[in-house]
């Protein structure tokens, strides 16, 4: 058999899949056109990229400027936190003022106040009544003859007078050394009231005793009275 001849279909397929079949002139001309087209489109593309490049530079500058601001903000935050912590500690350890003065440690008046001022303030705040905080009654504020029982006085066994304790010795000496009252014995000539000692009627014919103060009693009653007392029953101060 003879050599196989290539048909037009085979040649067309070969040209379709092989780029070397293109003429060199056509290929060089196409390459030049493609290069010119690429250069024409490259310029607008590079010009369009210029704004993005400037924007990137601005972003980089902003990032560089903001980089030191973060530590500064942190340092400022720490300073603010330390200041607030100091104020909180000061308020926690502050001494309250008794008078409610302005400031954590009270006013200067409360610091420099004297003990006399404190006593005067307590006296002003004390109620005027006689309660626990009011003025108390002092024994010496009343005369002895108005309130002798406050002094722990006693009743004299001689004259039956209530005597203050500080005058007890002098009064006993005077009463014991005082001479007995003398009386005039008499017989009652008529009925005259009642005896102040026995509270019985003084009748005509009764033996009576007439004292210097002109008081009359039954003789027996006044004798018993003088055994204990040295004064008239109706005039103990004489």
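Glycine residues also receive a Cβ, built from the backbone N, Cα and C atoms like all the rest.
Swiss-Prot annotations:
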type: COMPBIAS; residues: 35-77; note: compositional bias 'Low complexity'
type: LIPID; residues: 2; note: N-myristoyl glycine
type: MOD_RES; residues: 20; note: phosphoserine
type: MOD_RES; residues: 24; note: phosphoserine
type: MOD_RES; residues: 75; note: phosphoserine
type: MOD_RES; residues: 82; note: phosphoserine
type: MOD_RES; residues: 107; note: phosphoserine
type: MOD_RES; residues: 110; note: phosphoserine
type: MOD_RES; residues: 141; note: phosphoserine
type: MOD_RES; residues: 147; note: phosphoserine
type: MOD_RES; residues: 189; note: phosphoserine
type: REGION; residues: 1-137; note: region 'Disordered'
type: ZN_FING; residues: 195-236; note: zinc finger
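Under the three-state DSSP scheme, residue 189 (phosphoserine) falls in the coil class. Summed and averaged per residue, pLDDT over the zinc finger (195-236) gives 84.
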